[in-house]
Protein chains: 2
Amino acid sequence: MPLLLSWVDSANFSDCPFPLNNLPCCVFATGDDTRHCAMPIGDHLLNLASLESAGHIVLDGGPLLNGPNWNRFMAAGPAVWAALRAQVQRLLATGAPERILIEPHLVPLAGTKLVMPLEVSEYTDFYAGRHHAFNVGTMFRGPENALPPNWLHIPIGYNGRASSVVVSGSDVRRPWGQIKGPNDEAPRFAPSQRFDIELEMGAIIGTPSENGQPLTVAEADAMIFGYVLLNDWSARDIQAWEYQPLGPFQSKATATTISPFIVMKAALEPFRVSTPTREVPLLPYLVEAEPLLYDIDLEVALTPQSAGETVISRTNYREMYYSAAQQLAHHTTSGCAMRSGDLLGSGTISGPSKESRGSLLELSWGGKEPLVLNGGETRSFLHDHDTIILRGHAKGDGYTIGFGDCTGRILPALSDPYAR
Amino acid sequence: MPLLLSWVDSANFSDCPFPLNNLPCCVFATGDDTRHCAMPIGDHLLNLASLESAGHIVLDGGPLLNGPNWNRFMAAGPAVWAALRAQVQRLLATGAPERILIEPHLVPLAGTKLVMPLEVSEYTDFYAGRHHAFNVGTMFRGPENALPPNWLHIPIGYNGRASSVVVSGSDVRRPWGQIKGPNDEAPRFAPSQRFDIELEMGAIIGTPSENGQPLTVAEADAMIFGYVLLNDWSARDIQAWEYQPLGPFQSKATATTISPFIVMKAALEPFRVSTPTREVPLLPYLVEAEPLLYDIDLEVALTPQSAGETVISRTNYREMYYSAAQQLAHHTTSGCAMRSGDLLGSGTISGPSKESRGSLLELSWGGKEPLVLNGGETRSFLHDHDTIILRGHAKGDGYTIGFGDCTGRILPALSDPYAR
């Protein structure tokens with residue numbers, strides 16, 4: 001598919017993240033926090049709430065875009081998702097006769113306050129990056145026992161905390177927690193000293209499923225509305241002490257940041273790729289009949305308080321061993337109902353090379369090999385006032401599909417968390 | 001506190017679970033699934049939605065009782081909770097002049113359809129029973145290494161799945177899942193053969209907390225609205241294969257059943273007891289200034305399809321090593337925001353004796369010592385068509401505080417979960 005041309009000229013460049021081919025979903029806030037569903041086109045936002053209200057968009061079961069987020073629209077299902085995309089692509093296409101009616105619904109993207117595009121129902125995080133699992137396993141158990149015995153059979157996941165999911169641009173405060181070093185006699189309560197990032201993609205569930213009904217991989221894929229960039233902030237020192245035997249808990253509950261734009265599955269269709277070759281056969285319920293992973297270039301940039309940016313990792317979503325559809329199918333095996341607005345983190349996306357690792361834990365090899373940043377500072381884990389930006393792009397035939405930056409800045413820990 | 005007398009005569013018996021002292025929160029459905037907030041009194045339900053609508057109940061910020069569940073009321077905070085309790089106790093007290101106005105709002109409890117009393121925002125399950133942790137640890141690692149090293153320092157918890165929480169009376173279908181026995185070469189996808197119960201109490205969060213703000217134990221206790229009985233159904237064979245390294249996932253996602261009545265904290269006030277003596281000192285943020293556990297007698301009954309009931313366990317909530325307030329305080333250490341409607345499972349409540357164990361895994365010692373039921377059948381784990389009932393009672397001075405039965409019946413696994 002080539003670049004689709006729009007009468008919004010700024011959208012017609014091969015490196016513009018928001019051409020007519022993309023049309024991701026976001027929400028902007030005005031005045032006293034009134035929320036508007038919108039889509040970026042070039043350097044503008046198209047206010048879909050006002051467009052629908054004015055009758056230029058008509059959806060089955062509508063109005064669906066007048067709420068504070070995209071949840072009601074997402075629950076309406078694939079036919080409605082396709083209808084909106086087709087209508088907006090027609091209205092914004094070069095030569096569209098409706099241009100004069102649509103222009104008043106455009107607002108400049110620059111300076112607009114983007115807020116959470118969805119209400120997260122529940123948040124699940126997976127552990128599906130082969131290289132990440134091998135790296136972390138090697139650090140903890142040695143290379144012979146790096147992968148847990150179930151890893152090649154199960155898309156391992158655990159439930160996270162939906163209340164801690166925030167939108168790009170939200171500051172993230174360094175957490176306190178129980179920490180016990182290997183040589184400490186007893187744990188202490190202190191700010192995390194090994195606060196980390198995890199570069200992930202998030203899949204967002206659109207149509208819900210029924211309690212008691214496992215889903216095939218194809219059914220699961222059909223329920224996925226779209227994808228976001230996702231940074232699963234992780235306190236490694238808290239994690240190390242707490243995670244046995246029932247998994248990570250407070251180490252992962254400070255914040256999870258998502259990009260402000262949900263890229264709809266339809267926009268990613270040209271970038272579908274297969275998961276890597278299986279090392280052992282999958283059980284039939286996990287086998288994919290078609291490619292369900294995506295070729296999306298990803299990078300992580302770190303900017304200290306008083307120096308410029310360093311790109312500390314470059315990788316690609318296609319490195320995942322399991323697709324989001326496989327993860328979602330597994331998520332329902334027990335009969336677990338999925339709901340509109342559920343968010344599934346892919347797991348940390350690390351490539352095979354050192355510079356393609358998706359966490360500081362891996363990049364600094366547990367702190368043993370600190371990274372050297374542009375400007376000379378070193379990093380094993382995050383320092384106060386560091387800013388992290390995740391970026392993602394799929395490169396098409398003369399166009400780019402972007403997700404917007406997924407940004408967070410580290411605030412110092414509270415000096416006394418119980419002072420009131 | 002003695003029995004409070006009501007003009008609803010059936011409430012004035014020492015063994016009635018719903019005297020004027022109790023007034024737990026429930027929701028009943030009528031006709032085309034219209035939902036009504038209500039409280040049981042004796043053998044009747046008081047329709048609070050209609051009572052508030054008629055102006056007999058007046059609450060700050062009201063109406064608060066006209067929704068499909070108690071969430072909006074719970075979020076209103078402790079002063080409003082106390083106001084409702086005081087008003088209902090006055091209106092139902094023996095000799096209340098309003099009796100003639102209130103009587104039309106009573107409906108018989110028998111035959112009424114009770115539904116979910118709340119919308120569960122997120123569900124967290126803990127592992128805070130000393131005897132349970134020791135029993136399970138002994139089975140898996142031997143008695144010397146039974147307790148994980150962090151157990152006496154951290155109220156260990158993990159995030160569960162809110163979409164799978166159901167109300168008492170809901171059937172529970174035996175799940176499929178990945179299972180691999182210790183001698184199997186590879187996992188297979190099959191119905192669980194070791195499907196189990198977990199006897200727990202659930203604490204329900206009323207007032208929300210802010211992101212980034214850890215809570216003291218006292219602040220945490222003040223946010224707790226009330227308690228329910230909770231059965232955390234668990235597929236032990238699925239759990240054994242999946243839970244390393246990130247904790248239980250699908251093994252716990254089939255269903256979690258709660259009692260239909262939320263007993264408000266105020267009703268449990270006379271039954272407060274201290275947690276057991278600490279074996280090692282707690283970090284200061286977890287220390288309780290006052291008793292925050294409760295003396296609540298608990299039992300589990302199992303009824304096979306074609307035989308009578310056997311009570312298979314009798315224990316007490318006071319066996320927990322950590323209170324719900326301690327668990328909640330720990331839950332916020334990382335800055336994790338809590339929301340109205342969050343549900344915290346206590347962890348399995350096992351006492352020190354064999355007959356006080358809260359799961360079949362413990363009662364049958366991993367299947368090695370099957371239970372013999374009345375009528376002669378044996379059980380290691382649940383059979384199809386078994387019915388499980390959890391019961392809980394606090395015994396006061398001439399009165400009883402009951403939670404209602406927490407019931408679930410096992411349906412056979414789907415013959416083909418992917419048949420459509």
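Just so you know, glycine gets a Cβ as well, placed from its N, Cα and C.
TrEMBL does not curate its annotations; it predicts them automatically.
The domain 'Fumarylacetoacetase N-terminal' feature in TrEMBL is assigned to B:21-117. The domain 'Fumarylacetoacetase N-terminal' (B:21-117) scores a mean pLDDT of 98 in the predicted structure.
What TrEMBL lists as domain 'Fumarylacetoacetase-like C-terminal' is B:124-401.
Annotated Ca(2+) binding site per TrEMBL: B:D125, B:E198, B:E200, B:D232, in sequence order. Around the Cβ of B:D125 (Ca(2+) binding site), the same chain contributes B:G157, B:Y158, B:N159, B:G160, B:E200, B:D232, B:K252, B:T256, B:L344, B:G345, B:G347, each under 8 angstroms and 6 or more positions distant in sequence.
Annotation comment: TrEMBL describes B:Y127, B:R141, B:Q239, B:Y243, B:T348 as substrate binding site. Long-range Cβ contacts of B:Y127 (substrate binding site) within its own chain (separation 6+, distance under 8 Å): B:A133, B:W151, B:I156, B:G157, B:Y158, B:G347, B:T348. Under DSSP, B:Y127 (substrate binding site) is assigned to coil, being neither helix nor strand in the three-state scheme.
The active site, proton acceptor annotation in TrEMBL covers B:H132. Taking all protein chains in view, 28 other C-beta atoms sit within 10 angstroms of the C-beta of B:H132 (active site, proton acceptor). In three-state terms derived from DSSP, B:H132 (active site, proton acceptor) belongs to a helical segment.
Taken residue by residue with DSSP, B:K252 (Mg(2+) binding site) is part of a helix. Look at TrEMBL and you will find B:D232, B:K252, B:T256 tagged as Mg(2+) binding site.
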Any idea which of the binding-site residues B:R141, B:K252 has the thinnest Cβ neighbourhood at 10 Å?
B:R141
Quick one: of the recorded positions B:Y127, B:H132, B:Y243, B:T256, B:T348, which have a CB under 8 A from chain A's CB atoms?
B:Y127, B:Y243
For B:T348 (substrate binding site), list the number of other Cβ atoms lying within 10 Å of its Cβ atom.
30
Cα-Cα separation of B:E198 (Ca(2+) binding site) and B:H132 (active site, proton acceptor), in Å?
10
Would you list the other residues of this chain near Mg(2+) - those whose C-beta lies within 8 angstroms of the C-beta centroid of B:D232, B:K252, B:T256 - in sequence order?
B:Y123, B:D125, B:G160, B:R161, B:S164, B:E198, B:L230, B:N231, B:W233, B:S234, B:A253, B:T254, B:A255, B:G345
Quick one: among the binding-site residues B:Q239, B:T256, which has the most Cβ atoms sitting within 10 Å of its own Cβ?
B:T256
If you measure B:H132 (active site, proton acceptor) to B:R141 (substrate binding site) at Cα, how many Å is it?
14
Looking at Cβ-Cβ distances, which residues of the chain lie under 8 angstroms from B:Y243 (substrate binding site) while being 6 or more apart from it?
B:F249, B:S251
Secondary structure at B:Q239 (substrate binding site), reduced by DSSP to three states:
helix
